[in-house]
Amino acid sequence: MADAPDGGSADARVDAEPSALARASMPVYVGGYLALYGMGDEGELVLTREQVARALPPAAPLPINIDHASACEVGAVLALADDDAGLFFVGVINCPQLADTLAGVAHPAFFGADAPSLTPRERFLYLVSNYLPSVSLSSRRLAPDEEADGTLFAHVALCVLGRRVGTIVTYDATPDACVAPFRRLSPRARAALLANAEAARAALGDRAWPVPREALAQTLLSTAVNNMLVRDKWDTVSRRRREAGIAGHTYLQASAVFPLPTGGEGPERTGGRERAQKSAVAGGVCIALPVAGGRARQPELPPAPPPPPPPPAMSAAHQAGAASAHPLPAGDYVYVPTAQYNQLVVSQARGAAMTAAPPPAPYFLPAAAAAAAAPPPMPGWYGAAGAAPWHPGYGFPPPGLESQIMALAGAIADGRRVQAHGADGSGYDGPLDRRPLAKRRRYNWDHPRGRSGGGDDDEAYYPGEGAPAELPPHHHSPPPPHPPPSHALSKLASAVSSLQQEVSQLRAGYPYGPAFAAAQHPPAAHLPCLPQQYTAPPRVGAGPAQVPTLAPAQAPAQALSVPAVAAAPATVAAAAAVGPPEEPGVAATVDASAMASLPPAQPPQACDPAEIFVAQMMRQR
C-alpha cells in the first residue's frame, strides 16, 4: 500500500475498526458495460471487438478504485464478457470504510419516509448508486504499430460520468440482481458472467479492501469538485442508461429532488430487496411507443393496488404527488413537456380544420352596388379613398415580418459594403465615435471660445458648430482604436432564414388576400350609406384641394416563437489519475472518466451595430 503524503504509513492512518452497520452493508456487487461497440466513441476511447478479443483474459486481476485513485482501491473485477453489444464486467466491492464515510455525511432526510424500513446494505446501495453512477476503464496506451494483449486493461474506476458511451453501472446485493437490469445483454454472456463471478468470489473468500477514511474523503470530495461544472448531469446519466439498455433499476434515482421519492404504500420486497420501480413525471405527458419487434415487455411485478382516496383537506400538490407515484404500465415511453404537447395538439386540430373547411370563395360586389355600399372613409383603413376591407380597391397591409426581413437585408448589405471598402474606402464615414460632432448638447456645455477667459482665439464661433480637432486634449478623450469589421453576417443570415420560415408558416396558416378579408369581414347587407355631408361648400379657385392623409395602422405584432438555440454541451476533459506524482505508469494509461473544466476566457468584443439591431428586434418579438 502506498505511503501517506506526510511520510507516515497508510496502515497507521486507517481507523481502528469500522462500524457494525458498515460491516453489515458489505459486500455489494457492481456491473455494467465498460465500452459499447460502434456507438460513437472517438479517438483513443475507441475500443474494438478485435482488441477486446486479444486482451481477454487479462494477465492480472483488475482492481476497482474510485476515480482512478490507486490509494482508494475498494474491490476487484470478478468476470469479463465479450458481449455482442460491448465489453461487460461484474465486480465486488467490500470496503466498510466507504460505507461509514458516505453514511456519515448523508442527511437523515435523504432516505425519505422509507428510512426506518431500509437495511444498512440498501442505504449504502442508494448512496453509492447516486454518487458514483458511472464506470471508467483505464487501458494502456498502445503504440501506433502495437497489438493489444493481456496487459491492455489496467483497472476499473467508479466515477460520476464516464467518457465512453453507455458506461452506467448498477449496484446490488447479488451478482444475479446486478446483471438483471441490462436488457441488451445476451443470455450466453449473462450465464458465463454469473458462473465466472461465483467462482471468483469463492476463490476470494471474505477478502476486504480497507482504505483510510481521509483518503476516501479526499477522493470523494475531488470527484464532486471536478464534476460540479457538468451541465445537465442527470440528463446525461439518463441518456447513458438508455444507451446501455438498463430498465427496472431500483437504486439509481437520477432525480433533482433532494430526498428519495416515496410512494403511496410501502414498497414490495422480494428476496430481501426492494423491487418496486420508482418513477415520477414532473410537468410532462407520458406517451407510450410501440416496442420494436412487435413484442411488449412483461412487467416484473403486477401493478400495485390503487391508493385510498385522499382526505378532503389534502392539497392539490399532495394529490398530484400521490398520483405520480403510481407505477406505469410496461413499455417504452417518451416524456413530452405539457406546454409543447398542448401546442402540438392545437396545431394538429387547426391543420385538420383548415383542411376539412377550405376558405370560402372571394366575395365580389357589382360596381354600382360596391359604390353604393361603401361606407365613408374611416381612420385607420388602407386602400384607395379609404375603402373598407371588402371594397375592391382595398390594399392589404404587408406583414410585419417582411418589413423586418427587408431591414435585415439592408443591414447585411451595409456590413458587406463596409468589409469590401474598408475603414478608409468610399462610402464609409468611419465609426460614430470618430465622426465630427454635429451639435452641442446641454449636458456637455462648456464656455464658448473667446469667452472662457482661458485664452484668445481668433476663430469665430457659430451656434451649432462642432468642436474642431485641434482642441486641447483635456476636452475629449483620445478616440478608441478602430473596431474590427462586423462578424455578425452569419447571425443575420440565420435570423433572415428563421423569419422567412415564419413568413411561409403565416402564409400557409393565415393567407392574406380578398378571400381572407371576405371571410373575416363579411359585407353589411341592407345598410344604405348616405353621402358624406359637408358643413360648407368647397371654394373654387382657392388652390388645389387638400386631400386628408390617413396614417396606416400598424400591422399586428406576430407572436410566433423563435426556436431556441441549443446550448452547446460542456467541454469534457480527461481526468488525471489521483495519486502521488511520482507514481509510475499513470501517464501511460487512457482513463475514460470525464471532468468538466472552466471554459477559456473570451476577450471583450467591440460593440457591433448589427448584433445590437438583431437583439433589439428579437426582444420586441
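Even glycines carry a Cβ here, placed using N, Cα and C.
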Checking feature assignment: region 'Interaction with major capsid protein' per Swiss-Prot, candidates 118-138, 517-537, 601-621. Which range matches? 601-621
Ranges 11-30, 51-70, 211-230, 331-350: which does Swiss-Prot label region 'Interaction with pAP'? 331-350
Swiss-Prot record, motif 'Nuclear localization signal', of the ranges 439-442, 463-466, 475-478 the matching one is 439-442
Write down the Cα-Cα distance for His155 (active site, charge relay system) and Ser136 (active site, charge relay system), rounded and given in Å. 9
Around the Cβ of His68 (active site, charge relay system), other Cβ atoms within 10 Å, all chains included, total 26
Do you know offhand how many angstrom separate His155 (active site, charge relay system) and His68 (active site, charge relay system) by C-alpha? 8
Averaging the per-residue pLDDT over the region 'Interaction with pAP' (331-350), what integer do you get? 74
Taking DSSP states H, G and I as helix and E and B as strand, how many residues of the region 'Interaction with pAP' (331-350) are helix, strand and coil? 13 helix, 6 strand, 1 coil
